[in-house]
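Here is what Swiss-Prot says about this protein:
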| type | residues | note |
| --- | --- | --- |
| BINDING | Thr15, Gly16, Gly17, Asn127, Arg169, Ser197, Ile251, Ala270, Leu271, Thr272, Val273, Ser274, Glu275, Gln296 | UDP-N-acetyl-alpha-D-glucosamine binding site |
Amino acid sequence: MILKGKKLLFMAGGTGGHVYPALAVARAAAEQGSIIHWLGNQSGFEGKKVPEAGFIFHDIAVYGLRGNGVIGWLKAPFMIGRAVFQAKKIMQHIQPDVVIGMGGFASGPGGIAAKILNIPLLIHEQNAVMGLTNALLSRVANTILLASQQAAAKIALKYPYRVTGNPVREDITLLPAPEERFHYRSGRIRLLVLGGSQGAKAINLLLPQALSLLPEEQRPQVLHQTGARWLEKTQTEYAALNVHAEIVPFIDDMAKAYANADWVIARSGALTVSEIATAGLAALFIPFPYAVDDHQTMNAQCLAEVGAAAILEEKTLTADILATAIQSRQDRSALLTQAERARLCSDEKALGEILRAIKELCR
């Protein structure tokens, strides 16, 4: 196989939305014999998840620029210069065959270092709106891959790109079809609530309030993932309102969680939307209102357009509105219809397309 023995350096960090798609590609490449390295920040989300996956992790001193004010931007040239120097030394040591940037601030210095060293650079954009790092790297990358055509808006026309969709973990792609999963299901509607790796305040605090407004017999069976920092406060809110739910900080087995659910309430990060489409589930999305260029709303549009999902704006969302939305989703057969429509937006071939693009760059 072309990837056997090849050294691949992945760059992705900051949030699960960047790290998990990159891990899906890294695992698939490792199965084909590649040696996987990862460039990131030890204190970031990737610093924990990548070593857990068994891959070699290389730390560089870099942080995001957005939200750090004037001082952060003034320090940026020095921080980036140092990070590029660190990334360059790491690449000279490990000599990767291909460098793969999948978003997050660590990708920027790494991409620049790859260009300086003339190492093939591939970038992949998961969101419907291209992020700052990938928009800059698109001018020097050998290969540009996009999850959707919408993301091409920030790429100058002279830079060719391919639309591949988003890579999703294999265990999710292997889930039975919605009809098979729903066939013998009865009892209370099963609701999966996803607060994301960073936690979503609006979802975590409004959801228990909304459920408390419903009669006991209309309340779904809830599995609520809060993110670590919102766990205790969310548990307190449920207890104070005398609403029962299974509340967890993280879900390790997302395939199982999707398989057991009838529908989902979630933010609309690119990875979440892709996983829901691939699994086949009805969804109610509450996009993060401060996402750059409102990309989370755009991420959710495909599922909304095919009738698999609804989108509610956080700024106008109340417990009453959310309670009404939950109350209107009591018909499992209607949820099954939406679940089947969701699969029209799935990216089942994305992983193979990305691996093919990596192989093309291997010398």
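Keep in mind that glycine also has a Cβ here, set from the backbone N, Cα and C atoms.
Remark: of the binding-site residues Ile251, Leu271, Val273, the most isolated position is Ile251 (fewest other Cβ atoms within 10 Å of its Cβ). Its own atom aside, the Cβ of Gly17 (UDP-N-acetyl-alpha-D-glucosamine binding site) has 27 Cβ atoms within 10 angstroms in the protein chains shown. Note on Glu275 (UDP-N-acetyl-alpha-D-glucosamine binding site): other Cβ atoms within 10 Å of its Cβ, all shown chains, come to 28.
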